[in-house]
Amino acid sequence: MNKSSSASTVPPHSTPHTAHSTSSSSLPPLSSTHHTNTSSTSNNNNNSNNNHNHNHHHTTAATTTTSTTGTGTTAATTSTSTSSTIPINTAGIHTSNSNLATATNTPSSSPQVSTSVERRFWMNDRGSRRSSTSLTQQPLTMNRSSNKLHAAVSARDLTRLKQRLSQPRKAKIELAEYDSMDQTPLCAALRNGSHDIVREILFFYQSNKMDINDQDKSGYTPLHVAASHCDDQILMLLLNYEGINVNITNEDKNSALHYFCQKFRSPNCQEPFSIFLKKGVNVNAQNKNGETPLHKSIFNNTVRLLMVNMLLDAGAEVNVLNSRGESPLHFAVRLGREDLVSVLVKAGADITIKGNEKKTCYELSLTIGNQRVINFLKNVQDIFNWLKSIDLEQYWLNFVKEEIFMDLLLDIDERTLDSLGITYSGHRLKIIRNCRILRDQQLLSTANSNVTTGSGSSGSTTTTTTTTTTTSGCGGLNVPENKKVTQLSIESLKSNPPNSMDSTGSISSDDLKESLTNLEHWVIDHSELEYTLKLGSGSSGKVYKGLYKGKEVAVKVLKSITTQSQLEEFKKEFQIMGSIRSQFMVTFYGACIEPKLCMVMEYCSRDSLYHVMNTKKYDIGWDRFFQFTMQMTLGVQCLHNWTPQIVHRDFKSLNLLVNEDWECKVSDFGLSRFNTADNLETLSKIRGTFAYCSPEVAVGNGSLYTTKSDIYSIGIVFWELVTRVINGEYSRPYSEYSHIKMDFQIMLNSKEGLRPTLPQNTPPGLEALYKQCVNQEQTLRPSCEEIIETLNRLRHEYMSSKTTWDSLIRKLPSLSPPPQPTTTTTTTTSSSTSTNNINNNINNNNNT
């Protein structure tokens, strides 16, 4: 669809945009109103209008005939006060229009306009540019060399600081003085990131009733500085300070939240943000350019998607317009981020809004050229136009939120309408009827195409279908069978032995920094990472979904390392993951040291094997059982055959991750150890989850954790999978024993020989393999090679007797609705029975 056709089909808004050109486009008015630029009226105590000699002098945004100089003096300006278009580069920085082609590889016809919106670091003449959220950088001429508090802060000398603070009269005077960077001692400490020093100064402020909300000449408070420069721990010291005012704005009308949303870098942004909310922050405050915190969050290069989602959850208005008539959606389109565009549209962003460039977001996306953004916005407009054609456009957002676009209308059924929240029977019938019309039209079109190309025959209709190989282990998911590991043998492993380290078997005892220096090619610059979604948390830290060099990754952010033992844990996991390369292990991309310790790994979209087994919609059969058990055993074998040998020590279904292609991979090596003389002490400690812990380790008498301890854990995961396949639902190990209620009871009973009980109709070969793996005597447990050999033999047995094996599976009641009677001469089959299945089968659904 071209631009002109797009514009011509969009209906007018019910509410016109004040001071902005209105659209004649076809998307509906939304419940949220379009806000024009109305600067926030939040508290701004004692905000001085005196010029402040910083690099962020306030300049009026105006069309210029002569460029603005670095001192903030404009050679010539018109009397009109407007801000310029805000194109976006790949770093998320507002740029001038002259650089739009550089940022987006597309030409720009808009005139270059001087503005105060986010331009620093884009041009080489950085001193002549300043951001509406840029803090003080250039020094003043005054020098407070006699200020002992400033000297202590600069030297990060906590002892000298305490000594000076012990003299309240002098300290109060010095705390109010500015240094050569025109900052108070508190602001200097905030910029330096000195947690203990900040805490001491704040305690002095509180004890002496000093004003924590005191503003400098440009209106900045300590909270502005902290929100822009500090990590989560220091920022929360300010936010938790009694009497802190989170809504004070500076001369550019930016609140601390504007800075926080644009500049905060830590993935732990939820905690400080929640304190902002508790303090009554205005999430819709607009600065002088009309930008809200939601606008600003688009420019956060590290946690932008996390920020956007938090703001939307907190009630941020998605259709607030800045002085250029642009909403946050325009910013996301310029950035070329389909994920951001999707989140904003699903939150109700109106794609028909036209900014000063007279373009809707879809038209703007065509000039930017990002195909994924273009496709998404076109899908949104197409589904709306179709719903409008049947007078049901009020449901367009229901469809968009579930990503039910035109290509999936053919598969809509009653259950899909339930998931869309469409309850009115007349509307449901109308949608189903019109979807059937679309289906018949497609069949007719296909038939005519076949006749034209000679693929059809007279009097008959031939529909071309795409056949996808599926496994019985996935039911209706239509997941392509993984052919890499369905028939692996010991011989193939011998021909491709695992790699080995070049070391002599000893592990370096150097500190973390030296370890990373030795593996410096694994060190990742934190600026190359972006966090997009929190996936979970555990005892060792939090895990986020993110982006690294444009690739989806998982980022494991470790908790602060305060002890030597924690340092050793990180070093071991880093060394192990940096040493091993195997298709059966989660790929390791590298680690970051600052500002947070984190490890960057392959992202496995289906979560852990534990979560896969707990998801009832997944029909896990014997094919999937053999695939998973083979892959996990090959992963453990890779560890056991390494030089020096590695034992996992925490093998369980939660530490087996499943990617989009249904490949099961071993992960989480935080407890893993190289099996060397240096690690004898740690190998004798009880580690791992109790149900998966072998009895010799559970006894706690100092027995070494060996490779056979890992084999025991493999046996317990085998039990989980066998039980899930046969019973059709997940059960926890030992859950059949009513007398076992506590974890320690599992350990006591396992050392007495008690084991989880397999279903009665378990195939004898699988039962024998399970019992070998969990044998009380570790020397009688099989090796990984023996397990693989047995699995290959049992899989061959299954392939030869599929009917017999499948008859052992207990059939659960069908979740599908009963078949509807056929009312037409043409029978149409839909392979999707739910919205989730529709989304999973975009490329696999065929109608015959």
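Cβ from N, Cα, C; glycine included.
The compositional bias 'Low complexity' annotation in Swiss-Prot covers 1-52 (among others).
The region 'Disordered' feature in Swiss-Prot is assigned to 1-117 (among others).
Annotation source Swiss-Prot lists compositional bias 'Low complexity' at 60-85 (among others).
Residues or ranges marked as compositional bias 'Low complexity' in Swiss-Prot: 95-116 (among others).
The feature repeat 'ANK 4' is assigned by Swiss-Prot to 289-320. Across the repeat 'ANK 4' (289-320), DSSP assigns 15 helix, 1 strand, 16 coil.
Model confidence over the domain 'SAM' (378-441) is summarised by a mean pLDDT of 88. Per Swiss-Prot, the feature domain 'SAM' maps to 378-441; the stated evidence is sequence analysis.
The region 'Disordered' annotation in Swiss-Prot covers 448-478 (among others).
Residues annotated as compositional bias 'Low complexity' in Swiss-Prot: 452-472 (among others).
The number of other Cβ atoms within 10 Å of the Cβ belonging to Ser537 (ATP binding site), over all protein chains shown, comes to 12. The ATP binding site feature in Swiss-Prot is assigned to Leu535, Gly536, Ser537, Gly538, Ser539, Ser540, Gly541, Lys542, Val543, Lys556; the stated evidence is sequence analysis.
Neighbour density for Asp650 (active site, proton acceptor): within 10 A of its CB lie 19 other CB atoms from the protein chains shown. Taken from Swiss-Prot, the feature active site, proton acceptor applies to Asp650.
What Swiss-Prot records for 810-848 (among others) is region 'Disordered'.
According to Swiss-Prot, the feature compositional bias 'Low complexity' maps to 822-848 (among others).
Of all Cβ atoms in the protein chains displayed, 16 besides its own lie within 10 Å of the Cβ of Leu535 (ATP binding site). Long-range Cβ neighbours of Gly541 (ATP binding site) (same chain, at least 6 residues apart, Cβ-Cβ under 8 Å): Lys556, Val557, Leu558, Lys559, Cys598. A Cα-Cα distance of 18 Å separates Val543 (ATP binding site) from Asp650 (active site, proton acceptor). Cα to Cα, Asp650 (active site, proton acceptor) and Ser537 (ATP binding site) are separated by 17 Å.
Residue density at Val543 (ATP binding site): 22 other Cβ atoms are found within 10 A of its Cβ, drawing on all protein chains shown.
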